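A short write-up of the structure that comes next.
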Amino acid sequence: MSHIPISNTIPTKQTDGNGKANISPDKLDPKVSIDMEAPEFKDFAKTMVDFIAEYLENIRERRVLPEVKPGYLKPLIPDAAPEKPEKWQDVMQDIERVIMPGVTHWHSPKFHAYFPTANSYPAIVADMLSGAIACIGFTWIASPACTELEVVMMDWLGKMLELPAEFLACSGGKGGGVIQGTASESTLVALLGAKAKKLKEVKELHPEWDEHTILGKLVGYCSDQAHSSVERAGLLGGVKLRSVQSENHRMRGAALEKAIEQDVAEGLIPFYAVVTLGTTNSCAFDYLDECGPVGNKHNLWIHVDAAYAGSAFICPEYRHLMKGIESADSFNFNPHKWMLVNFDCSAMWLKDPSWVVNAFNVDPLYLKHDMQGSAPDYRHWQIPLGRRFRALKLWFVLRLYGVENLQAHIRRHCNFAKQFGDLCVADSRFELAAEINMGLVCFRLKGSNERNEALLKRINGRGHIHLVPAKIKDVYFLRMAICSRFTQSEDMEYSWKEVSAAADEMEQEQ
């Protein structure tokens, strides 16, 4: 064996480059702890729990949008990290001084932008435990509980939605679920699995074609209302994606088939289609029962993106919107949007994960273990290697709320949206821009896009509520999303009064 020299990078100088004294490793006292001790941690954690509870229970009183300008934070903190440890009490004081002035309060009942991001006390506590265990569950052996709880939780969740048995690990077939970070990751993972599947199929039919030639012919499909992450998945996957014109904001099977047939006639190879259930712009639902069979007929991988609306499928009255799910190859929704599970927790199911596993399979010796094949190694199901113990918060939320209370949460939000919609149509100045679906209301002032742009600017400028816009077929409108678990009927009345007051101001200034 060749001689391996001992590292000579241990500092021997009395001072570093800045003139500060170096401490020789042999002079460090091993009995002196550099960590926060358990009693101090308990005091710190109890104080933080009190702060969190006070913050959330009184979040309604805070201005939903911060008034700071870019760069506000840097002058509030030192230019460099402290040489000596500070007191945790000082850190707590700086939360209000440094952090809170720049926070947009997503869990305020006055926050109506985007779609909700979930939050609950059980999920917060679960994240504390996950942080304490601090495992990186890329393989079964890296932390068996991390993998096995995820398998079971994905089956629990799939049963709550009444997904076909082929998607569930408990069915004994190929299928199973995995927790991804976001719906964007799920869309990309599905695309890469579909790409690998189609490459294999085409190579068997045309062994004379090289991979570059085949990839240049692949084309995928989505509605013109699909999320921007679908287009991004195509860019990252190095394939063409074609936008299919929607009908009343929804993709129809006939339009998808026409696009496929046109591309086949031009020598392209269709391989993948994303069907959106609950679009970001207006919460519209593609016709899965039409598009799925079309995709199956042409041997496309059908991926269903139900990032927001999927949570509602735990309620029987909304499951008709996922009619045709048996035709899908993969299905995704985000419990971290609407099911009271803190970010990040994006649930994805695959009928045949082997296409994804084989596409991502890089198997160095240091990641191998004796139990390979007996349980999933989730590193093969995702883009990154590392993964947190995310199943804990799903387990805590499902147990501590129960299905009935989660259903009640969804239904409350849907009723609040109807309440706001009723207030809107009762004012002759306003109109709905789309059908009210789930917890989203799309509305606008009658008249020009410019009037509505001015209205939104005025609403957000007042800072009492926060909305974002959307545009479909050159019609600009405002989106009122019900986002907070603290929302009450009175909050919807307050938000409507803010919208109405902003419109009043515009009229007075004309």
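Note that Cβ sites are derived from N, Cα and C of the backbone, with glycine treated the same way.
Taken straight from Swiss-Prot:
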- HIS227: active site (ACT_SITE)
- THR117, HIS227: substrate binding site (BINDING)
- ALA183, SER184, HIS227, ASP305, ASN334: pyridoxal 5'-phosphate binding site (BINDING)
- 1-17: compositional bias 'Polar residues' (COMPBIAS)
- LYS337: N6-(pyridoxal phosphate)lysine (MOD_RES)
- 1-28: region 'Disordered' (REGION)
- 358-384: region 'Disordered' (REGION)
In the chain carrying HIS227 (active site), residues 6 or more apart in sequence that have Cβ under 8 angstroms from it: ALA183, SER184, THR187, THR276, THR279, THR280, ASP305, ALA307
For ASN334 (pyridoxal 5'-phosphate binding site), nearby residues of its own chain (Cβ under 8 Å, 6 or more apart in sequence): THR182, ALA183, ALA307, TYR308, GLY310, SER311, CYS345, SER346, ALA347
Whole-number Å value for how far THR117 (substrate binding site) lies from the residue listed as 'N6-(pyridoxal phosphate)lysine' (Cα to Cα): 4
ASP305 (pyridoxal 5'-phosphate binding site): secondary structure state under DSSP, collapsed to three categories: strand
Residues near THR117 (substrate binding site) in space but at least six apart in sequence (CB under 8 A): TRP106, HIS107, HIS336, LYS337, PHE343, CYS483
ALA183 (pyridoxal 5'-phosphate binding site): tally of other CB atoms within 10 A of its CB: 24
Mapped DSSP class for LYS337 (N6-(pyridoxal phosphate)lysine), helix or strand or coil: helix
Largest separation between Cα atoms (Å) of residues that the record links to pyridoxal 5'-phosphate, namely ALA183, SER184, HIS227, ASP305, ASN334: 14
Three-state secondary structure, which DSSP defines for ALA183 (pyridoxal 5'-phosphate binding site): helix
